[in-house]
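Asker: Sharing a structure with you now.
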There are 4 protein chains.
Amino acid sequence: MCDFQKILESIKEKAEKTSEKGKVPTYIPELAKVDKNHFGIYLNMLEGNDYCVGDWDIKFSIQSISKVLSLAMAFNCLGANKILKRMDVEPSGNPFNYLSLLELEEGIPRNPFINSGAIVIADILISELKNPKEEFLQFVRDLANDQTIDFNYEVAASEAKTGYTNFAAANLLKSFNNLENDVDEVLDFYFHQCSIEMNCKQLSNAFYLFANKGKCLNNKTYLTSSQVKRINAIMLTCGFYDEAGEFAFEVGLPGKSGVGGGIVALLPGTFIITCWSPGLNPKGNSKLGMLALESFTTQSNLSIF
Amino acid sequence: MCDFQKILESIKEKAEKTSEKGKVPTYIPELAKVDKNHFGIYLNMLEGNDYCVGDWDIKFSIQSISKVLSLAMAFNCLGANKILKRMDVEPSGNPFNYLSLLELEEGIPRNPFINSGAIVIADILISELKNPKEEFLQFVRDLANDQTIDFNYEVAASEAKTGYTNFAAANLLKSFNNLENDVDEVLDFYFHQCSIEMNCKQLSNAFYLFANKGKCLNNKTYLTSSQVKRINAIMLTCGFYDEAGEFAFEVGLPGKSGVGGGIVALLPGTFIITCWSPGLNPKGNSKLGMLALESFTTQSNLSIF
Amino acid sequence: MCDFQKILESIKEKAEKTSEKGKVPTYIPELAKVDKNHFGIYLNMLEGNDYCVGDWDIKFSIQSISKVLSLAMAFNCLGANKILKRMDVEPSGNPFNYLSLLELEEGIPRNPFINSGAIVIADILISELKNPKEEFLQFVRDLANDQTIDFNYEVAASEAKTGYTNFAAANLLKSFNNLENDVDEVLDFYFHQCSIEMNCKQLSNAFYLFANKGKCLNNKTYLTSSQVKRINAIMLTCGFYDEAGEFAFEVGLPGKSGVGGGIVALLPGTFIITCWSPGLNPKGNSKLGMLALESFTTQSNLSIF
Amino acid sequence: MCDFQKILESIKEKAEKTSEKGKVPTYIPELAKVDKNHFGIYLNMLEGNDYCVGDWDIKFSIQSISKVLSLAMAFNCLGANKILKRMDVEPSGNPFNYLSLLELEEGIPRNPFINSGAIVIADILISELKNPKEEFLQFVRDLANDQTIDFNYEVAASEAKTGYTNFAAANLLKSFNNLENDVDEVLDFYFHQCSIEMNCKQLSNAFYLFANKGKCLNNKTYLTSSQVKRINAIMLTCGFYDEAGEFAFEVGLPGKSGVGGGIVALLPGTFIITCWSPGLNPKGNSKLGMLALESFTTQSNLSIF
């Protein structure tokens, strides 16, 4: 049996010594202000023990990690079939904001984890829910078993002002009749969803059900085991933009990253791990977070492969 | 010397007998209502005589033909150099609404006659002019020497409601910092510009300067002969979306088409010809208009080549 | 515990009743002759028991499945680092013969399982080995612990005559200086590698090491457990052309298909399964084979996720 | 009336003073040896006078300029219709060696002046002619009215050895059934065609028919005036790779360039001009040649627009 605490400590130590910590994204002004020296990890073992190091208890913007949670809510509401009529589940092989592929494939996003796919999921939820923002937030709070989780309204407003690429994507989707609701309404929901803030512990808890066959920390079941298998598969093949293959190759776990510097990954039946380090590599994933998870799976010898 | 009237009559007769008249565009609701049996030609010889057949005096939506006039106004205001910093003058080889190329080339439109290029020209004019819509309309009226020319406000409003692809393009330009003004403001100007209505005679007159070294019907000079040469070159290489090569090959004249079914073409020093037939071919150009101009240059043996 | 034999029988029964069995590929004349009513499965449990149904003992052309074995041999000879200088490990998101991406990415194949990537692996092995064809065949025989496995020389010759797309890819690689040896020599090796024939049992045995941390049926270790993890990751993300995401989503196992109609997949530590049915779906993967594996993982509830 | 000799002298003087003369291509080893200080112009007026400066009488490799001559021979043999079944006449908007577009458009080259299009023309001529190389050379000699013109066999052999991109293109065409003859045979013809050497005077003479409605220097008619119009149109829209729009915009003449540093251009009914300067700009066209022709049309005020 590994000494997980020791592994986490050694990863943190190495991270602190690294001078090249990546770059915080400047295209979302609110995120550009974050200090890139933050570093935290929270490890949640299903057998009961938890381990943590560094800034595991400081909240950050979960950004694209929210796409997994909105997909889970859409699966929960509608099942997979209706969703798959409006998007594919193939890796895109391209950076997260490429519109070219969306145009070439006539408005059918490659998967729910590129921006255009997540915008369609947002559209689906708006059509299904009475109070989309409130209900989605409640869903996330329930998954994480923590009623303090909230949107960051400044971040949401900041993205609404400068998120031109997302407006381009949403309008392109609309031109292909793959958006039922108004562009502004859908993006308002989408920007709020992305603005949710959590710390490493809350995120690990929120992802508990993906390692536990659909059953949450609070023992409630939100997804069938077949749905969980499918969401995990999409995380593995599409969770890291055009670095998904690299992550599968080096880390070997389903996971999801966000431009807020968070990465969450999991081994079904065994653990959920969340790492936060705000500096990004050129592909838009947390630079130290990627290295931390690679180091964790190598040292612990735990992966799906 | 040709009997031009006889040539025009024979073209009209043949067009009326054609059962396959193409399709009116449905994506702009106001244009979908036009009767596709309309057919008119107006030929303006620089030596003085004019010839016309059919519905040459019925107004139609000039749509993309307005891109030549806005480019002319931008050349007139700013000269070519400042404009060429924000776009290229190469044929796109792609349909008129492709965003892929714009994304691949980082927000630099291929040329001023694809939508994204014309949107940048609109942005340039807004930055230059105090009352962009009024001043542009006046410019067009002066070129055509006809103060009755006007916008069609319903058509402009119709495009503002459903022009999602243009909203996508403008937002993408904005994301690449190639749009100075607000997306909504730029597109409002752009949609008005496209909504201008003219008949075949008015359009031929408005294009008089391109066949006459920059000097208008009313004898005023708006462009240098070098500017005219350049605008004519762009019309030849980029005037017909991804059918530009075909038009150069079959017709051999600089020209420009619009989804309202109009086509205007010209032989420098000799003539301007405008044809209107609302049904479009699959590439978005007037089906009978293309055939009419091919027939005209073949019968008259007049082309630039 | 599942009754695996019963599951396999039920899958076979259903497959036999299916009228739509896909299409055998016509672009390799020798493969076009195969009867598409063949259907066989061989399941190899690591704890010791084997299960099989139908035509599990008839040999077929393994084609692209050989790419996993040549990659394993290259890892074994050279380690991962040298290989990764000449190719990437990202899913391509495109059909298996697309040259566009290779050109766009300047001769660096997306991964070792698209044709261009496998051609680079072939080039690497030629540079490393004295008698490449003989040594590779021996490597495969040793992995499968079966010295009767052989090339099909007619199939290799058939591909050499008509494999224009592969000649195009190899020449393109050469133009980007990503091929050390002669195009003809590399493709001769590649076509022989693809022509190897095995039955379902032999294939399952040859893939034993990928489920067993690098150790073969005959107890010899060819790969480190880290190398095995990486090859399994590439199988999961890139093993099924542009249907890789779909396979991960529906089946949830690392695997590899070939146009000969074979599919092999595995659950590390638990089993290897090979299915053969010659008719292909439009993406080039065995139509009934995909359904069979989906059915197997659903019924057995065994997947990596 | 211009003093053409004076204009040419001034252009030569300016060219000689330019320190940035571009780069000779290194991918064809024989061409890499040429001294980039050569500079020559030959101007052929249809009314009778000729003008020349510099190295107008030194032979150089015409390379892609030969594509116009092979297209002319194909038009002469077969007419336009059969040719247009196997290729398009649209600008490619891409560099001259892009295979992506060819693959996307399923083996139909964009136009006869990109490599893949010229390879199809070579294939057409091989199918039509008994002794393709001899007959093509004779055709070129007759056009130029000069029986001393010849292939450079070293250059042809040099390209056959290293022309991997052309082998890739030809094999891709073959895979799409758009090549009737063997890849090696077609490329052997193609490489010889490109290796023809002429000086500026010979090239201007060979292009005489394109300015003279299809009638040669020696008074023989090889093309109809409609065929000439069409070939001139393709030169204007496609003659300069992805700089065709720029050339039309700045120069305003149909023309064709080659990587040997030659450019020939013409004004129908008026003149043919050939410039040679071996250094290329980043787009693969003669750097000083482009500037020379721009300067010539600006000073002489002669263009098609």
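Residue positions begin at 1 at the first shown residue.
Keep in mind that glycine also has a Cβ here, set from the backbone N, Cα and C atoms.
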Asker: Same substrate site as C:Ser64, C:Asn115, C:Glu159, C:Asn166, C:Tyr241, C:Val259 according to TrEMBL: which of C:Tyr190, C:Tyr208?
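Answerer: Same substrate site in TrEMBL: C:Tyr190.
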Asker: Per DSSP, to which secondary structure element type does C:Val259 (substrate binding site) belong, with helix, strand and coil as the options?
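Answerer: DSSP assigns C:Val259 (substrate binding site) to coil.
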Asker: Please name the residue among the binding-site residues C:Tyr190, C:Tyr241 whose C-beta has the most neighbouring C-beta atoms within 10 angstroms.
Answerer: C:Tyr190
Asker: Would you mind checking how many other C-beta atoms are within 10 angstroms of the C-beta on C:Val259 (substrate binding site)?
Answerer: 23
Asker: What is the number of other Cβ atoms found within 10 Å of the Cβ of C:Asn115 (substrate binding site)?
Answerer: 24
Asker: Measure the Cβ-based neighbour count of C:Asn166 (substrate binding site), defined as the other Cβ atoms within 10 Å of its Cβ.
Answerer: 24
Asker: What does DSSP assign C:Glu159 (substrate binding site), in three states?
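Answerer: Reduced to three states, the DSSP call for C:Glu159 (substrate binding site) is helix.
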Asker: Starting from the Cβ of C:Ser64 (substrate binding site), draw a 10 Å sphere and report how many other Cβ atoms land inside it.
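Answerer: Here the count is 25.
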Asker: Looking only at DSSP and grouping its letters into three states, which state does C:Tyr241 (substrate binding site) belong to?
Answerer: helix
